[in-house]
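Report on one structure; see the data block that follows.
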Amino acid sequence: MARPKIALIGAGQIGGTLAHLAAMKELGDVVLFDIAEGTPEGKALDISQSGPSEGFDATLKGTQSYADIAGADVCIVTAGVPRKPGMSRDDLLGINLKVMKSVGEGIRDHAPNAFVICITNPLDAMVWALREFSGLPHAKVCGMAGVLDSARFRHFLAEEFNVSMKDVTAFVLGGHGDTMVPLTRYSTVGGIPLPDLVSMGWTTQEKLDAIVQRTRDGGAEIVAHLKTGSAFYAPATSAIEMAEAYLKDQKRVLPCAAYVDGALGLNGMYVGVPTVIGAGGVERVVDIQMSADEQAMFDNSVNAVKGLVEACKGIDGSLS
Ligand code: A3D
């Protein structure tokens, strides 16, 4: 059986890391596409030359031609610009919307059967636009944000409790922005929900609140350190986790920006929700119950995403 084909649209910081991870994990052959001439070719060759030491079998190709992504099983989209210090994700909307148009059309014409994972910010609006421009089924187009935001939350919690992060689960829902919703009631250490750990004296409510806020600001904290771009190692790892769930039909329960029509009181929009990812793409949206407080935070986040989608429609009249 031929190896799966993984197309990476955007060969920048995240794109290059995705290519390296996909090759090291032998998820398939990799095509790196970018408009910047030389960048995808150089990264493909460089990563290929790590193969003999690492011992992986995967071919990598860099290209400026969409024809080379033909028949891709997975497309991961990072094309666009990242933010710099002082910018919010939403400041990227105008420029990245134009990029989503060309990428969506490229995928529509050359890889219409792919499972598409968007990473470009502002995430929830960009995945919506990418789906509109590509015309692919909703279940085959989703966005990576929740896995990353949850991983950040899990990392901070594991540090606070001095336990293995393997035993920390977390769910961060809503839009990928300042309004994201880390759900403490659905986040656990060894199955024990965080509010119970507060009662048990493992931490205080104040410390937990601070960790929740640090999670919300997790991207900005890294932008402030790097100064010239945003996080790329953990975002790439998170998207690879989703791609692997699809390629291996793992039925992983992962938070991602998925199309929600009916669940969680939503009627046809993309936002971060718990999902099941398997060979069918986003096979299920997990329709969790929220408390009044959680619902209010989620609604606030949903409204922020709706505002960005409306802004997209205002910029590109072909979107409705
Ligand atoms: P960067 O290293 O600048 O790479 C982006 C690449 O896209 C560059 O190589 C560009 O040449 C390329 N590009 C620009 N326009 C096009 C086009 N029309 N077609 C193809 N390629 C194009 O950025 P990065 O890899 O650090 O980040 C990529 C995106 O991911 C940004 O929008 C970030 O804001 C976003 N991001 C999202 C998360 C989430 O959790 C959702 C996390 C981190 C970054």
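Each position is counted from 1, following the chain as shown.
Even glycines carry a Cβ here, placed using N, Cα and C.
Site annotation for substrate in TrEMBL covers Arg83, Arg89, Arg152, and the matching candidate from Asn113, Asn121, Asn267, Asn300 is Asn121. For the NAD(+) site that TrEMBL gives as Gly10, Ala11, Gly12, Gln13, Ile14, Gly15, Asn96, Ile119, Thr120, Asn121, the extra residue drawn from Asp34, Asp68, Asp73 is Asp34.
Sparsest Cβ environment among the binding-site residues Gly10, Gly12 (other Cβ atoms counted within 10 Å): Gly12. Sequence-distant contacts (6 or more apart, same chain, Cβ under 8 Å) of His176 (active site, proton acceptor) comprise Arg89, Asn121, Pro122, Leu123, Asp124, Gly143, Ala145, Gly146, Asp149, Ala257, Gly272. With a cut-off of 6 Å between Cβ and the nearest atom of ligand 1, the recorded positions Ile14, Arg152, His176 reduce to Ile14, His176. In this structure, Arg89 (substrate binding site) is part of a helix by DSSP. Residue counts for the domain 'Lactate/malate dehydrogenase N-terminal' (5-143) by DSSP state, with H, G and I taken as helix and E and B as strand, are 67 helix, 25 strand, 47 coil. If you compare every pair of Cα atoms in Gly10, Ala11, Gly12, Gln13, Ile14, Gly15, Asp34, Asn96, Ile119, Thr120, Asn121, the residues listed for NAD(+), the longest distance is 17 angstrom. For Arg152 (substrate binding site), the nearest of the binding-site residues by C-alpha distance turns out to be Ile14; the candidates were Gly10, Gly12, Ile14, Asp34.
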